[in-house]
Amino acid sequence: MEPKVPAPAGSLTWARMCKECGQGHEGQESHLYEYQDEVDDELVCHICLQPLLQPMDTPCGHTYCFQCLSSFLRDQDFCPVDRQRLQMQHCRASSLLVRNLLDKLTVLCPFHSECQQSMQRCELQPHLHNRCPGFKRLREEAERRKRPAWNEIKGSRTEGECAGDSKSTPNRTSTARGPAEPGLVNPAFEEGEDAPLRSSLVSESTVVELFRDNPEEELGLRIVGGKDTPLGNIVVQEVVRDTLAARNGKLAPGDHILEVNDVSLASIPHSRAIALLRRPCSLLRLTVMQEKGFKVRPEHHSHPSPSTLASNASQPSHNSSTVVQVTLVKRERAEPLGIKLIRKSEEPGVFILDLLPGGLAAKDGKLRNNDKVLAINGQDLRHGTPESAAQIIQGSEMRVNFVVMRHPEPPEDGMEVQSRGARRTPEPQYFRRRSSYMKEPPGGFSSQEKTVTLKKEPRHSLGITIAGGRDCRSRLPVYITSVQPVGCLHREGTIKKGDVLLSINGLDLTQLTYNEAVSVLKTQTAQSSVALRVIQTISEEDGEEDSEAANTEEMDTHEGPREDDINWSPMWTRWLGLPSQMHWCRDIALLKTNNESWGFSIVGGYEENRGHQPFFIKTIVPGTPAHFDGRLKCGDEIVAVNGASTVGMNNSSLIPMLKLQRNKVTLTVVSWPGTLV
């Protein structure tokens, strides 16, 4: 076989170009590289005649690319060199030494006309995505062609949201401001007379590409919303740490996902959107709408910055925290800055752990330990990782521009300073408690109780696995993660995966921790008669999750619980139908020092076709009290404001209540975990 010659990257279109190697090849073909030097024959695959990629060793002592060998063994059952019988499961990944030698091979950037750099093979992808001018040009051209106009996006939104101005231009930075809409309360737009003047809320449509070595790898996103829910849109609730999305660093909580691999998510239910996001593929392209914060009116700043973060630096600091801009100038491009970056468990983002003595940052003296890095060279890192920050720094030229947030130092006399951004002293009302606010679930969601009474041998198991408990992170009730085919309940057929446990033999299970629930279940199961009471949530949109679960149960004949069963959790929509006595709520106090916006938008209130709907958090605006506090999440349900129930309220009641709160507002919320994809 003749080796495939890479095509000039400059002649490729964005759609046909591989986003990892910068060359043009089919999705299932191996990546192509241009090597600076001749490569030793021992490091060459004897199928594609190229240096090895993901090398695999055969039992007979030969080494091939993983992709090449997989393709070959689909049609043949022998080694390509010595023709000994061979199966893929008998092959093993090559040693770390071999893989490191391959990663260190020197390759050329494929964009010769615009970039003449050479680097180790393992560094090509970060170079393309962060430093290469040719790759950046192609990406921006593709995004300009692909990006819908803001008015088109607004025009496709669900009923209850206002349409945009049909004359608006389709530029990247979009603004939206208008009167209050039916079903949409947006305190983020409210301004007091002496508030800092803001022209509009800036939103931006962008394309985020996620590459997966394993097509079935989880993205690490928790998702809320959908056509069948009050939110309407599909919204990112959380980016899970140490996952693919977190390492990518471009998605953040509050992002609205508009498309998945060119398939629109407008007007589709939650379960369908989740199925699209979970579909196995090597490249996932997400078109998202991201809130960028408020744009300051030019007349108040003689030199306005194009960056929202930088403009926020000139705003009054939020509750004594300050935003600082620092520029470090290197003597040469490769000079290290002398900064150690970390992440914290209690707050998202990147923080400065230490400044190395004698380093550039320490000599400059403007950065400090514990500063939170908001942006580097204009790239948003509010939900970034130390790894993504390090890549930006390594790819920078002589000047490195930091935007950091700094909390005030605690006073020496021991007096406590309360700051929204600083670590909070735990308050009793912050912790979740059983909700006392009685209300109906959102339209289209309900629940029904089921009771099963069994006569059984004391030694026989019920055959269920459970999760949840009031001690878990989200304070969930105990729910069933699987019904095993060998158990009593499977044969009876009433109890299903996802049902929430209410009681067993009259003993309440709804307020127990996980270990307490396990102990009670074991004790009661040992009896000859068991009465189990559960609650099942129902929605008008039959989710794909239910049919998939049913098919799985029919096919399973094994006796033990699988790892998938133990880790399974219900979709976000499953929780919406639970009655309010099953809810746990918590109080979140937001603080501000001027008449700035609280920084969140709400959907809900009275709707003609569905009556009174609960209020849900739909958007949290960057650079506002709600964002800096960090506890509110998209998809949270507001059940009270300053202790006054929101049940039965409409927009005209809730808006004045929020406006009247000048420096502090306490929101009582119920929060359910988003669906994990």
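For all residues, glycine too, the Cβ spot is worked out from N, Cα and C.
Note that TrEMBL annotation is computational and uncurated.
The feature compositional bias 'Polar residues' is assigned by TrEMBL to 166-176 (among others).
Per TrEMBL, compositional bias 'Polar residues' is recorded for 304-321 (among others).
Taken from TrEMBL, the feature compositional bias 'Acidic residues' covers 539-554.
Annotation source TrEMBL lists compositional bias 'Basic and acidic residues' at 555-565.
The domain 'RING-type' annotation in TrEMBL covers 45-83.
Per TrEMBL, the feature domain 'PDZ' maps to 207-292 (among others).
Annotation comment: TrEMBL describes 325-408 (among others) as domain 'PDZ'. Looking at the domain 'PDZ' (325-408) alone, the prediction's average pLDDT is 85.
What TrEMBL lists as domain 'PDZ' is 451-536 (among others).
What TrEMBL records for 587-673 (among others) is domain 'PDZ'.
Positions annotated as region 'Disordered' by TrEMBL: 146-186 (among others).
Look at TrEMBL and you will find 295-321 (among others) tagged as region 'Disordered'.
The annotation region 'Disordered' is assigned in TrEMBL to 539-565 (among others).
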(request) May I have the DSSP-based helix, strand and coil counts for the residues of the domain 'PDZ' (325-408)? (result) 14 helix, 30 strand, 40 coil
(request) Please list, for the domain 'PDZ' (587-673), how many residues fall into helix, strand and coil according to DSSP. (result) 15 helix, 37 strand, 35 coil
